[in-house]
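A.B. asks: Following this message is one structure expressed as structure tokens.
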Amino acid sequence: MPASVKSSVACTSVVTNPQQRNLNTKTCQFPGCGKGARGASGHCIAHGGGRRCQKPGCQKGAEGRTIYCKAHGGGRRCEFLGCTKSAEGRTDHCIAHGGGRRCSNDGCSRAARGRSGLCIRHGGGKRCQQEKCTKSAEGHSGLCISHGGGRRCQFPECAKGAQGSTKFCKAHGGGKRCTFLGCTKGAEGSTPYCKGHGGGKRCLFEGGGVCPKSVHGGTQYCVAHGGGKRCAISDCTKSARGRTEYCVRHGGGKRCRFDGCVKSAQGSTDFCKAHGGGKRCSWGLPDSSFGIGDGSCCSSEG
């Protein structure tokens, strides 16, 4: 009898303790958040609870036993030689060097985002809330860069997204720049050059090595070989221009701003050729080398 009493008491203690722990666990007081609260703050790490990063002006949570967040050197660091980024998940490397979870799509080696198990290109992470947009959301806005999400360019009247750790878009000097001598354009992808100087991914027409042009959109081909967005008109094989769904012939791209004109704008201007757009003839102009000192031809025709 004493032995049976002891065994029953031991069994009840094992069953009741987890219930007591669950009842005593505090949840974050932020509306709609079900994560556990940290410390006496009543909030989770994402909403201000727990230890904070000691870097002046930073509001993120401190990582591990350090006093800084991941961005400022806290937590475990990547073990790849020369890398200063933080290690992801239970691995010893950052995302760029193979750490963290990888995309579950066949043949993809990119990092998985969120709980989807997929990378951004294959639909992982937060998506843009704009109707019919399949791009990933940037920052806390719920929108992609094209629709106003993420950090914006600080150049006056520019609405594009800022690139990298800079405050400007590529057109205004942000992001990585092309290292070709005398070039001021932005570098493409993981290369040190712009598209014009061989940077970024190149067209894989006939297996690659044949076409030297750069790829467009999320495809593996240049515009001439079917890359990028195509015109939405049936049986049209040309590429869509700008943020439209159509090619230039079917109304896509920039249009001429002259009243009543439906033609496309030429070059970096806002007008078609007939209304002054595009490059103009420089024959005989003071800053041009064409037609200078060749007045005999004109006089003979007169």
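Each Cβ is built from the backbone N, Cα and C atoms, and glycine gets one as well.
Residues or ranges marked as domain 'WRKY19-like zinc finger' by TrEMBL: 50-74, 75-99, 100-124, 125-149, 150-174, 228-252, 253-277.
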A.B. asks: Which residues, given as numbers and ranges, are at least 6 beyond the ends of the domain 'WRKY19-like zinc finger' (150-174) yet have a Cβ under 8 Å from it?
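C.D. replies: Here the qualifying positions are 138-139, 141, 144, 184-186.
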A.B. asks: DSSP says what for the domain 'WRKY19-like zinc finger' (253-277): how many helix, strand, coil residues?
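C.D. replies: Helix, strand and coil residues of the domain 'WRKY19-like zinc finger' (253-277) number 3 helix, 2 strand, 20 coil.
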A.B. asks: What residues elsewhere in the chain lie close to the domain 'WRKY19-like zinc finger' (125-149), defined as a C-beta under 8 angstroms and at least 6 residues from its ends?
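C.D. replies: Those are 113-114, 116, 159-161, 243, in sequence order.
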A.B. asks: Hey, which bits of the same chain come close to the domain 'WRKY19-like zinc finger' (75-99), Cβ under 8 Å, at least six residues off its ends?
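C.D. replies: Sequence-distant neighbours of the domain 'WRKY19-like zinc finger' (75-99): 63-64, 66, 69, 109, 111.
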A.B. asks: Determine the mean pLDDT over the domain 'WRKY19-like zinc finger' (253-277), rounding to the nearest whole number.
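C.D. replies: When the pLDDT values over the domain 'WRKY19-like zinc finger' (253-277) are averaged, the result is 90.
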